[in-house]
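Heads up: the structure comes next, in structure tokens.
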Amino acid sequence: MGTETEVEENPRKGGLRTMPFIIVNESFERLSSYALEPNMILYLMKFYHMSAATGSSILGIWTGLSNGLAILGAIVADSYLGRFRVVVIGSFSTLTGMIILWLTAMIPQLKSSPCSQFQHVCNGTTAVQLAVLFSSFGFISLGAGFIRPCSIIFGADQLENKENPENQRLIDSYFNWYYASIGMSTILAVTVVIYIQDHYGWQVGFGIPVILMFFSVSMFLIGSHFYIKVKAKESLFIGLLQAVVAAFRKRNTSLPLTDCDDCYHRSHESELLAPSNDFRSLNSACMIQDPQRDLNPDQSASNPWSLCSVEQVESLKALLRVLPMWSTGIMIFMTTRQFSFSVLQAKTMDRHIFPQFEVPAASFSVFLVIAMTSWIIFYDRVLVPLLSKYTGRPRGLCPIVRMGIGLIISCMSMALSAITESIRRQRAIEEGHENDPSALVNMSAMWLVPQYALLGVAEAAHSVGHIEFFYSLLPKSMSSIASAMSTIGTAVSCLTASLLVSGVDWLSSTGGKTSWLSSNINRGHLDYYFWLLTFLSLLNFLYFLVVCRFYEPDDEIGRFSHEVEGKECDYSLLPEA
């Protein structure tokens, strides 16, 4: 993600022999992490006596923190420690967090005892118990934030060889294997490991991720001697931040930018002679006011936090141009973070596929993954060749249309979720289970599959369109920002979803009424909450239509035509989720 890199020159390092160590490290980290979250709501409710709303909010913050810290991990890797050290630190942090979480299941004093049906008042959770639990979440989040943005690029560093004409094909093959391993890890996590948690208890269910993460750390360190280790130099994120700070410091500058000699260029061969006129207030950041004070003898900026290059300013403007469209994606990520409530739904339904086999409640998210993967393959291999003949576009539908389709399908998914929950709740009441949230309703959990499938298709359509849109509008030097913006969007959506859950729980329970998001979903109104998400998703789609009016049709091929002409979307930058 850095703008400049410096690589250790050693022909005996790097290459395909390093791939097993890197891919196994990331696969086991994903397998370990993804196996914890789906069932965690049940663990929090049973052993920490949290309500469904509180537990869901905490899990949303945990997921948001894991994604948000990815930006910190990228900055630390690019500017200070390098990717290898950051991945090592992240791996040990994740392992530490998982060990602490496993200890909460092993040591009775680290969690509260579950309430029996004869208890009217349960023993409360102590501050120490919560501190231990949250510390485990913190270590795991820090580890995810350090590993995920650096691991995939670290693997590409091992294959970087511009003298090899087959190099790009080799890197593309690596990306395919990398994402395939993540997909397999996700499926195994939400099926096999979740099944073990349900049938063999939390001690074994949390112990397996610890063992897997131990192997992950060990494999990565075993390959240390063979790695090419790119030295930290400069981060693009730091460059953007410097432009913001410099513009703020010189906000009162009124000198006109009419002379190109007044602008600072990092390279004399730069194609950008002067900054553009849009977002003109930022142009002061690259203005040279006093050459003696602002420039070093070698013509470099004496203080990069007071004087930035034209390239940095234009990169910041490019980022600001895509922010409105980026904001339209927050809502769809919020709808995909409602798994905690869906687990509670599935827990009360008949989950048998065969008489001898029952699907774990938390494993139904695998249908989302299957639908997402199937749609991407179907669109890429079947629809694109057909649509390209009629649209004249090599990628079939334009990115904005695909984003819009994703938003509409997400609305349909939330509406279907509301209808399904309304039917499930009505049956529970008719069968006399209103006061027994653990009772099994005479209704198949397969009713939940269509809403998961629609949500998977929605996320696939929107995410790929999102990344292609950013990639077409941002300069080539900022291509990694496209992936970073998706990560930040996920973090913001998780935090927003946590606030929404807390707000709905508080408002709907005022006056002594039963909360919509009650832990007893038979008495609550989870269907009302899903209808609220449907309404918000529809409003977001209308907002999306308004935002589309600010982008000209030719924006799809980029404002920076000299950099993006003939360029295809780099799918290595797709969000790894």
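Heads up, the Cβ atoms here are built off N, Cα and C, so glycines get one too.
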What range among 202-228, 310-336 does TrEMBL describe as transmembrane segment?
202-228
For the transmembrane segment (359-379), name the stretch out of 84-107, 127-156, 177-196, 202-228, 400-419 with the most CB-CB pairs under 8 Å.
177-196
Please work out whether the transmembrane segment (528-551) lies in contact with the transmembrane segment (400-419), by counting C-beta pairs under 8 angstroms that are 6 or more apart in sequence and asking whether there are at least 3.
yes
So which of 47-72, 127-156, 400-419 is most in touch with the transmembrane segment (486-508), counting Cβ pairs under 8 Å?
47-72
Does the chain bring the transmembrane segment (202-228) near the transmembrane segment (47-72), so that three or more CB pairs sit under 8 Å (pairs 6 or more apart in sequence)?
no
Report, as numbers and ranges, every residue of the chain located at least six residues beyond the transmembrane segment (127-156) whose Cβ falls under 8 Å of a Cβ in that stretch; write 'none' if there are none.
1, 18-19, 22-23, 25-26, 29, 33, 36, 48, 58, 62, 65-74, 76-77, 83-84, 86-87, 89-98, 100-101, 103-104, 110-112, 171, 174-175, 178, 227, 230, 480, 483-484, 487, 572, 576
What residues elsewhere in the chain lie close to the transmembrane segment (84-107), defined as a C-beta under 8 angstroms and at least 6 residues from its ends?
25, 29, 32-33, 36, 47, 73, 76-77, 129, 132-133, 135-147, 150-151, 154, 201-203, 205-207, 209-210, 213-214, 216-217, 220-221, 224, 227, 229
